[in-house]
Amino acid sequence: MGLFGKTQEKPPKELVNEWSLKIRKEMRVVDRQIRDIQREEEKVKRSVKDAAKKGQKEVCVVLAKEMIRSRKAVSKLYASKAHMNSVLMGMKNQLAVLRVAGSLQKSTEVMKAMQSLVKIPEIQATMRELSKEMMKAGIIEEMLEDTFESMDDQEEMEEAAEMEIDRILFEITAGALGKAPSKVTDALPEPEPAGAMAASEEGEEEEDEEDLEAMQSRLATLRS
């Protein structure tokens, strides 16, 4: 506490160092999320291969869409890391300016990076807090809340899912189809007939559905 009960402001250098530490901490969180999503994606890929061998087209489509969503999530997380690196560079510049001018200066580069970072759900809370502190310190201006969220184009998703399944099917058959299938509607390999398989088919389908739902749930949790 300062005089008359007022909170004493932290020195600019201390503020910059604190912001840099918080950003590096969030970068480690993002790295961990990327690894978790990619690890789960490998499991999904194996499940797609298994479903294709059983001739389960619908399961292939659902899982392929999950892979696409996961890859989009990873791309956004990598983009957020790039923005955080921009902010870190901006903090280094602020320290250099501070040594010469004796005060922090407004930065359009930091402003642009923070505008992008506050829109990312995984790190939104921390970035909003940092933005308020930076606004108070005069580094960035007040940012308007951008409520517009771009929606995934359904047709683009369908086409991407078809392309992903085509690629995976071609990989599974080791080129036995002669070429990569052009559409998901192309015939999938038929399951080999077996007497014992017919009796347990219903139970296996229920297990497959449960596994599919569990996998979707895990991926959704990792992306959120």
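Glycine is treated like the rest: Cβ placed from N, Cα and C.
Record note: of Ser47, Ser107, Ser182, Ser200, Swiss-Prot gives the feature phosphoserine to Ser200, with no matching annotation on the rest. Mapped onto DSSP classes, the region 'Important for autoinhibitory function' (59-64) shows 6 helix, 0 strand, 0 coil. In the three-state DSSP scheme, Arg218 (site 'Interaction with STAMBP') falls into the helix class.
Minimal Cβ crowding within 10 Å, among the recorded sites Val48, Arg218, is found at Arg218. Counting in whole angstrom, Val48 (site 'Important for autoinhibitory function') lies 16 from Arg218 (site 'Interaction with STAMBP') by their C-alpha atoms.
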